[in-house]
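Engineer: First the structure, then my questions, so here it is.
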């Protein structure tokens with residue numbers, strides 16, 4: 001049996017329709033289908049087919065079939081459409097039976113999300129658990145405060161550049177293998193940090209490798225979310241994933257305080273991160289499947305069947321919602337695409353290998369650079385607040401270390417609320433737009449409308465925080481403005497990340513890596529110079545200037561909302 005009958009019967013590749021007396025073949029790739037046509041009922045499909053004079057899956061178009069042949073053909077057509085109805089997309093009355101976006105069951109997606117959220121927590125935790133121990137490490141290593149603080153600057157610098165490397169490979173070579181490589185490197189480095197003798201040069205080198213290994217988590221995680229979650233739910237999916245990275249700066253100082261409160265146990269900071277990293281590596285190796293779409297498609301194991309085996313199956317993919325016979329330790333090692341058929345490659349194309357040229361093209365792309373710089377400015381304002389908050393609480397408000405740590409809970413909770421509410425509202429507005437504009441492709445830039453609100457909240461919080469400290473307002477006022485700054489920043493970060501992954505789905509990890517690069521560079525510069533600027537300008541005017549800088553983000557987002565459609569969102 002050849003491949004053509006298999007494609008016509010089971011996959012619905014060729015759909016012939018009568019149009020102006022001619023027969024045409026219509027093909028829609030998976031990435032081109034709109035969400036307004038998903039989950040259409042069987043009655044609606046039958047009604048559309050009744051009103052259209054076309055012959056689906058017609059084996060002999062020139063013949064005049066008998067009545068019995070027509071009945072058999074109709075029955076075969078109904079079986080083909082029903083088998084894909086619950087999970088398919090129907091972009092036009094001419095087309096039926098399309099591939100579901102993902103084959104992974106709900107339970108398996110919960111496992112995937114649990115793992116990537118936990119891994120996402122490890123990266124920021126590795127950087128932030130170290131900061132409360134800086135005075136202690138300064139004494140242990142017998143160096144100046146400037147030298148020991150430089151280990152933080154080096155970490156942030158490498159943490160900014162690292163995602164460019166991981167993001168480039170993640171969109172080409174697979175997610176799971178890179179997770180295993182980065183976690184293995186992180187585990188080795190953390191063990192060495194906990195065990196090597198005191199030597200400042202060794203500390204610098206190991207912190208560089210620690211930052212490089214831990215910098216993979218956000219770009220790989222965002223890519224994984226794009227693999228398994230369709231665009232209509234991606235806003236809240238990104239919000240759930242970002243719970244991990246957002247919790248890192250909140251929990252890490254608390255853990256560090258608990259470890260250090262009983263004495264000189266700073267090595268256990270790295271011991272704790274080693275244990276957490278080891279657990280993550282085991283989870284990834286044992287439970288996480290490969291999800292990169294150009295390798296495994298939508299996750300259906302039948303893509304890997306031989307052609308003759310697939311042809312003998314009544315339904316080539318997606319029979320129900322469960323995945324049977326899933327095994328432990330799946331997809332270990334470097335993976336090749338499970339299928340080389342033209343149909344698979346058309347729907348799940350492999351992007352070209354990444355390099356410096358690719359990133360240069362991304363940086364020159366207005367939607368990417370504007371969104372990345374906008375997020376970086378907001379992130380810089382937040383880090384300026386984060387660095388100065390503890391300093392002024394200790395010197396101006398006479399807070400203890402325990403009280404300072406508790407004060408950070410307020411902006412931390414605001415970060416989580418901003419990410420979650422922004423993600424859910426983004427998806428809700430997207431679904432409303434699709435319902436009011438049937439049969440039209442959703443403009444991804446529509447999500448950025450929410451950024452206007454988040455930017456204004458961040459500007460108000462930033463300026464208000466500076467003047468509240470300048471006039472020595474009550475501590476509760478500081479908490480309110482800090483919450484506004486944190487809420488607005490994560491609100492915008494979530495929406496921007498969702499926008500980039502929807503605009504460039506095949507380069508999700510790469511575009512998020514570029515955005516992370518600008519964001520972390522901004523945070524590193526801001527945290528390094530903010531105290532000097534506050535001393536020179538006064539904290540009120542300094543944070544007013546930061547708020548005005550954030551207004552540049554407002555201009556950039558407005559530009560994209562107005563002129564986005566003049567740019568063609570081509571995959572790189």
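Even glycines carry a Cβ here, placed using N, Cα and C.
Since this is a predicted model, take the numbers as computed values, not measurements.
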Engineer: Confirm whether, per Swiss-Prot, residue 564 lies on the same side of the membrane as residue 172.
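Structural biologist: Yes - Swiss-Prot names the same topological domain for residue 172 as for residue 564.
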Engineer: For the transmembrane segment (447-469), which recorded stretch in the set 111-131, 150-170, 399-419, 543-563 gives the largest number of Cβ pairs separated by under 8 Å?
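Structural biologist: Per the Cβ count, the answer is 543-563.
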Engineer: Check for me, if you would, whether the transmembrane segment (268-288) reaches the transmembrane segment (241-261) - at least 3 Cβ pairs under 8 Å, residues 6 or more apart in sequence.
Structural biologist: yes
Engineer: Among 150-170, 208-228, 473-493, which stretch has the most Cβ pairs under 8 Å to the transmembrane segment (111-131)?
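Structural biologist: Highest pair count goes to 208-228.
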Engineer: Is the number of Cβ-Cβ pairs under 8 Å between the transmembrane segment (241-261) and the transmembrane segment (399-419) three or more, considering only pairs separated by 6 or more positions?
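Structural biologist: Judged by the Cβ rule, the two regions touch, with the required three close pairs present.
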Engineer: Counting Cβ pairs under 8 Å that are 6 or more apart in sequence, does the total for the transmembrane segment (473-493) and the transmembrane segment (521-541) reach three or more?
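Structural biologist: These two stretches do not touch.
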Engineer: Do any residues, 6 or more residues outside the transmembrane segment (521-541), come within under 8 Å Cβ-to-Cβ of it, and if so which ones?
Structural biologist: 152-153, 156-157, 160, 376-377, 379-384, 386-388, 391-392, 466-467, 469-471
Engineer: When you scan the chain for residues with a C-beta under 8 Å from the topological domain 'Cytoplasmic' (171-184), skipping those not six or more beyond its ends, what do you find?
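Structural biologist: Here the qualifying positions are 119, 213-214, 216-217, 220, 223-224, 227, 277, 280-281, 284-285, 288-292, 294-295, 331-335, 350-351, 353-354, 506-510.
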Engineer: Residues of the same chain, at least six outside the transmembrane segment (150-170), with any C-beta under 8 angstroms of its C-beta?
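Structural biologist: Hits for the transmembrane segment (150-170): 123, 127, 130-131, 134, 178, 182, 203-204, 207-208, 210-216, 218-220, 223, 292, 354-355, 358-359, 509-514, 516-517, 519-521, 523-524, 527-528.
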